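Novice: Here it is, the structure in full.
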Amino acid sequence: MGVFMEKLKTYLELIRVKNCITASIGGIIGYLISSNFEIDILKSLLVFFVVFFVCAYGNVINDIFDIEIDRINKPSRPLPSGKIKLNEAKKFSAILLILGLVLSLFINIYALIIAVINALFLYLYAKKYKKYKPIGNFIIGYLTGSVFLFGGVAGKNVMPVVILFLCSLLSIWGREIVKDFEDMEGDKKEGVISLPIKYGKKSLYFATFLVVLAVILSPLPYILKIFGIWYLILIAICDILFIYAMALLLKEPNKETASKVSKFLKIIMNIVLLAFIVGAIKL
């Protein structure tokens, strides 16, 4: 029993179980919003576990491609330490992917399509685009936003979740560029290609453009009469904070400001999520 529990603990470490649970909760939030909190327990469980398994697949694939780097930087991780063999990890990733895709079929065809696209992006990001950030940043934005979209397609009212997905994609894509601006020195040493490395401060204008697009889209659930006034009040506060943060960065485009703005943007994004939840429960 002790050996089994130790092995289980190692596999949970490999999949980064906390990250998987966080992603799954995002999927559930998407489902709650699209179903107006009229939930089906079976669908909720399916959404949770599909997101969990596909996310776990991505984390295992990431460690498979990073095994040589992790031998130096993270030698205690399951693969470089030898606690899990490379072939075992490859088989395990295949099992996780199959479980995720098969379970998504029990939701609907849209869920399957999103699961397949996400699995492909997770593979491509781990293999190639982690160090080529002009595309890698988009993938991170898409994958984060798609968690809500995946849960959303399980419900009846998908439009607000589509808007949440787009706002998440754009704002997180922009935030990733801000983070790259902060990390320029380290990225140069590691041979990473990013927009700030190629274009310097000009890249922050593109990041601002992405965030402003998210701001423009954000009132749509109110304009389309999907959500009420409390949503509009919360989202308006978020929009003002978004614009303030990016204006501050454009005024003082340095590493210290980028670090502060990156953290601030993350806080605002959590308030945006709260606004969508408040809108869905008709407060």
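Yeah, the Cβs are placed from backbone N, Cα and C, and that goes for glycine too.
According to Swiss-Prot, the record shows the following:
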TRANSMEM  21-41  transmembrane segment
TRANSMEM  45-65  transmembrane segment
TRANSMEM  97-117  transmembrane segment
TRANSMEM  135-155  transmembrane segment
TRANSMEM  158-178  transmembrane segment
TRANSMEM  204-224  transmembrane segment
TRANSMEM  226-246  transmembrane segment
TRANSMEM  261-281  transmembrane segment
Novice: Are the transmembrane segment (226-246) and the transmembrane segment (135-155) near each other by the rule of at least 3 C-beta pairs under 8 angstroms (pairs 6 or more apart)?
Specialist: no
Novice: Can you name the far-off residues of the same chain, 6+ from the ends of the transmembrane segment (204-224), with a Cβ under 8 Å from a Cβ of it?
Specialist: 159-160, 163, 166-168, 170-171, 173-175, 177-178, 181, 195-196, 231-232, 235-236, 238-239, 242-243, 245-246, 249-250, 253, 265, 272, 276, 279
Novice: Determine which residues of the chain contact the transmembrane segment (21-41) at the Cβ level, with the cut-off under 8 Å and only residues 6 or more beyond its ends counted.
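Specialist: Residues 47-52, 55, 144, 147-158, 160-161, 164, 273, 276-277, 279-282 contact the transmembrane segment (21-41) from elsewhere in the chain.
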Novice: Give the nonlocal contacts of the transmembrane segment (97-117) in its own chain as ranges (CB under 8 Å, at least six residues past its ends).
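Specialist: Sequence-remote neighbours of the transmembrane segment (97-117) are 43, 46-47, 49-50, 52-54, 57, 146, 149-150, 153-154.
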